[in-house]
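Enquirer: Can you read through this structure? Questions will come right after.
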Amino acid sequence: MSSNKGNGRLPSLKDSSSNGGGSAKPSLKFKPKAVARKSKEEREAAASKVKLEEESKRGNDKKHFNNKNKRVTGAGGQQRRMAKYLNNTHVISSGPLAAGNFVSEKGDLRRGFIKSEGSGSSLVQKGLETIDNGAESSENEAEDDDNEGVASKSKKKFNMGKEFEARNLIEDEDDGESEKSSDVDMDDEEWRSKRIEQLFPVRPVRVRHEDVETVKREIQEALSEKPTREPTPSVKTEPVGTGLQSYLEERERQVNEKLADLGLEKEFQSVDGKEAAAELELLNADHQHILRKLKKMNNKPERFMVFQLPTRLPAFERPAVKEEKEDMETQASDPSKKKKNIKKKDTKDALSTRELAGKVGSIRVHKSGKLSVKIGNVVMDIGKGAETTFLQDVIALSIADDASSAELLGRVDGKIVVTPQI
C-alpha cells in the first residue's frame, strides 16, 4: 500500500512505478532513418543505368509501333509497312458509297483493292500506278524494312485522296486505245470536245454572247402569241396649275374680295386677311353652337342658359309710338272709328305692360347665321362662354317672413357672353 492511504487519495502512477521497481524510459515509436550520402561514383553509375533503361524502353516502343504498322504478306512471312494514307480507313460494303466486290490479282495480304466493274478504265489504272509509286517511296523510308529494294509496281490500289491532271488521264486513255480508234486524225476542237465529254458527261447548253438577241427573239416567236390590242399608253404629264388647282385659286381670290368688302379687319382689329378669316370662322362656330342650345331649350323646358351681361346696361326706354299722333289726327275726320282706335290703344298698352315683366331683351337670328342681342334700343354681340365640368342647377328662393321656400327650376345648359358693340 502507498503512503497516501491515510489521506484518502488514489495511488498515483509514479508511486506504483517507483514501488514496483526501476523506472523504465519511454521508447520512441517512430525512429528517424539516417540517410548516408552517396559518393560521386555511385551517383554516376545510377544515372547511366537509368539512361540505359530509358533507351531500351524507347526502342521497344518504336519496334512495337513498326510491327503494328506492318502486315505479313505471302508464305515467306515478309513484313512490309502499310501506306500511311490507309491508316484508320475501312472498306464500305453497302450503301451509296460502297466499294462493291473487290478482288486481288496475286492473293497476298498486302493487295490493292480494285473494283471488278470498270477496272480496265484508264482513270483507275492511272490511280493505281500513282498509289504504287507512293507505296514504293514509303517503303524506302522504313528503317526496319527487310526488303527495301523490292518494288511492286504490279500492285493495284485505289487513289485515296490524290489528284491527277485531266490531260494526263486523257493521254493515257488515248495511248491505250490508239490501235482501236483513229485519234491521230482528230483536230484540236474534236480532241477538246472529247476531253470535255470524258470529264463532264452531261454538257450544258452554252450560248454565245453575240447570239443572245437572236435566241431571245426566236423563243418569243415560238412561245408568245401575237398581241391582239394596242400597247398600254404611257403616263401623261400635265402642268400643276390646271384643273382643280386653278379652281381653288379662283375661289380663294373671291373669298378675299368678299372679306375686303366687309371690312372685317377693322371689326376684329386683325393684322391681315387670314387672321380676320380665322376670327370669322370661330365666331360662326360659336353662333351655331348657341343656336343648337336654344333649340334644345325650347324642346326641354327644364333647361336654362346663363347670360353674362355687362356691368352697366343701357337705360331701358319704351319705344315711341307714332301711331298715337296719327290716331288723334284722324279722330276729327272720322268719328266713326274713334271707338275702335281707343280699343286698339288700350289693348296695345296692356300687351306691352305684360311683355315687359321680366324681359329685358331678345336674341335675333340674322339671315347670314349671325346672332345678336337687343336690349332696349341697343344691339350687342354674343359669344360662347366657357363650359363647366360640373352640374349647375337653377333654384328659386322665397324669403318671406311667414314661410321661406326654395324651388328647383331646372339645370343650366350653357353660357352666353354679351358684349356691347364699341
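For all residues, glycine too, the Cβ spot is worked out from N, Cα and C.
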Enquirer: From Ser23, Ser116, Ser138, Ser152, pick the one Swiss-Prot annotates as phosphoserine?
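Expert: Record annotation (Swiss-Prot, phosphoserine): Ser138.
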Enquirer: Candidates are Thr228, Thr330; I want to know which one Swiss-Prot annotates as phosphothreonine.
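Expert: Looking at Swiss-Prot, the phosphothreonine feature maps to Thr228.
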Enquirer: From the set Ser119, Ser181, Ser224, Ser372, which residue is assigned the annotation phosphoserine by Swiss-Prot?
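Expert: So the answer, going by Swiss-Prot, is Ser224.
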Enquirer: With respect to Swiss-Prot, which of the residues Ser122, Ser182, Ser270, Ser333 bears the note phosphoserine?
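Expert: My reading of Swiss-Prot gives Ser182.
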Enquirer: So which of Ser12, Ser137, Ser193 shows up as phosphoserine in Swiss-Prot?
Expert: Ser137
Enquirer: If you average the pLDDT over the motif 'Nuclear localization signal' (25-29), what number do you get?
Expert: 63
